[in-house]
Amino acid sequence: MVQFFKRPLLDIVHNHLIEYPTPVNIHYFWNFGFLAFICLAVQIITGIFLAIHYTPHVDLAFYSVEHIIRDVNYGWLLRYAHANGASIFFIIIYIHISRGLYYGSYVAPRHFTWVVGVFILLLIMATAFMGYVLPWGQISLWGATVITNLVSAVPLVGNSIVTWLWGGFSVDNATLNRFFSFHYLFPFIIVAIAFVHMAFLHQKGSGNPLGLIQPVDKISMYPYFIIKDAFGLVLFLLFFSLFVYFLPNLLGHPDNYIEANPIVTPNHIVPEWYFLPFYAILRSIPHKLGGVIAIIISILILAFLPWITNINVRSSLFRPLYKKLFWILFSIVLILGWIGGKPVEMPYVVIGQLITFLYFVYFLIFIPFLGRLEKFLVNYKTVY
């Protein structure tokens with residue numbers, strides 16, 4: 001089998017998936033990049049078959065989704081695998097990012113790998129948002145109205161851009177068609193950029209829990225880590241199957257099973273759970289433009305982490321203070337997610353503003369200050 005992949009045109013598989021030198025001490029948290037690619041493949045395959053039966057028209061979209069579930073052979077499986085696959089995809093992505101934060105994968109020489117990864121995250125979020133509009137339920141319509149209307153906060157040209165996005169003066173048929181087209185296109189762009197992400201990774205080599213560069217004991221990816229990835233894939237499929245077969249509607253919003261009605265506003269408009277922390281940041285800023293800027297910075301600030309961090313030690317195993325701060329950040333994000341799902345009323349507004357403030361303080365003050373403090377307290381030359 002190995003000899004087969006040494007042939008011309010297939011040697012890229014041999015070099016990057018079979019003989020690729022991998023640090024011997026990586027553990028299962030390094031499996032989530034592979035699982036993310038599996039999730040992306042599942043979303044693309046199920047999405048293609050769903051698009052065959054879906055009708056992007058405001059009068060037919062809701063019923064076409066019902067038709068897929070009720071009348072198409074295994075349509076229920078396609079729909080639930082795609083809908084729950086999005087949630088599982090974000091779980092995998094967030095764990096992948098958390099591992100990078102905990103073990104310092106964003107520090108040079110892998111900083112460009114990290115930046116490309118943040119760009120992929122932005123594309124995934126945009127794709128998921130447009131996909132959530134397609135079932136044309138109540139939350140689909142009103143969520144699209146609320147989020148796209150945020151662009152109107154841009155001075156001078158905001159309202160014109162919103163009208164252009166909508167294709168009219170409200171979220172309507174033109175909007176649905178545009179979102180469907182881009183939702184179909186974006187996953188293929190994500191695949192292309194994911195290969196760029198892998199190219200940067202393989203240029204410098206995979207990281208490891210110790211955060212060391214050289215010397216590191218390495219072994220070939222096949223068969224050792226391929227088997228490890230396969231075991232992780234089995235566990236992932238079991239977890240995924242739990243939602244698809246037994247809890248298919250657990251992660252959905254009940255109001256989105258009601259056909260979109262532009263006259264009736266839902267009592268509580270909330271995005272999918274994976275957007276809730278960022279939605280809480282948006283709502284915590286009273287000024288509309290300020291909220292838009294805050295939510296953009298809250299994501300882009302991850303891309304600037306390699307330059308905000310002023311210490312070359314990567315792994316939190318050698319940074320006890322940073323390790324504690326990481327779990328503080330983890331708690332901050334969980335609280336933001338909880339606040340994002342609550343109504344805009346006291347005391348949730350004040351709590352959201354406080355936690356949003358702590359989120360930005362963590363990245364803009366704690367991280368740079370901690371680097372200087374650790375340099376002062378510890379001689380890190382011995383780590384290498």
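Backbone N, Cα and C define each Cβ position, glycine as well.
What Swiss-Prot says about this protein:
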BINDING   H82, H183  heme b b562 binding site
BINDING   H96, H197  heme b b566 binding site
BINDING   H202  ubiquinone binding site
TRANSMEM  32-52  transmembrane segment
TRANSMEM  76-98  transmembrane segment
TRANSMEM  113-133  transmembrane segment
TRANSMEM  179-199  transmembrane segment
TRANSMEM  225-245  transmembrane segment
TRANSMEM  289-309  transmembrane segment
TRANSMEM  321-341  transmembrane segment
TRANSMEM  348-368  transmembrane segment
Same-chain residues near the transmembrane segment (289-309), Cβ under 8 Å, at least 6 residues beyond its ends: 97, 101, 104, 106-108, 111, 114-115, 118-119, 121-122, 125, 150-151, 153-155, 278, 281-283, 356, 359-360, 363-364, 367-368, 371
For the transmembrane segment (113-133), sequence-distant contacts whose Cβ falls under 8 Å of one of its Cβ atoms, 6 or more beyond its ends: 86, 89-90, 93, 97, 100, 105-106, 139-141, 143-144, 147, 175-176, 179-180, 182-183, 186-187, 189-190, 193-194, 196-197, 200-201, 204, 271-272, 274-275, 299-300, 302-303, 305-306
Cα separation, H197 (heme b b566 binding site) to H82 (heme b b562 binding site) (Å, whole number): 24
Cβ-based contact of the transmembrane segment (225-245) with the transmembrane segment (32-52), 3 or more pairs under 8 Å: yes
Residues of the parent chain within Cβ reach of the transmembrane segment (76-98), under 8 Å, 6 or more residues beyond its termini: 29, 32-33, 35-36, 39-40, 42-43, 46-47, 49-50, 65, 68-70, 117, 121, 124, 128, 131, 236, 239-240, 243-244, 248, 251-252, 272-274, 302, 330
H202 (ubiquinone binding site) and H96 (heme b b566 binding site), Cα-Cα, nearest whole angstrom: 17
Beyond the flanks of the transmembrane segment (32-52) by 6 or more, those residues with Cβ under 8 Å of it: 68, 78-79, 81-82, 85-86, 88-89, 92-93, 95-96, 99, 180, 183-184, 187-188, 190-191, 194, 229, 232-233, 236
Candidate with sparsest Cβ neighbourhood (10 Å radius) among H183, H197, H202, the listed binding-site residues: H202
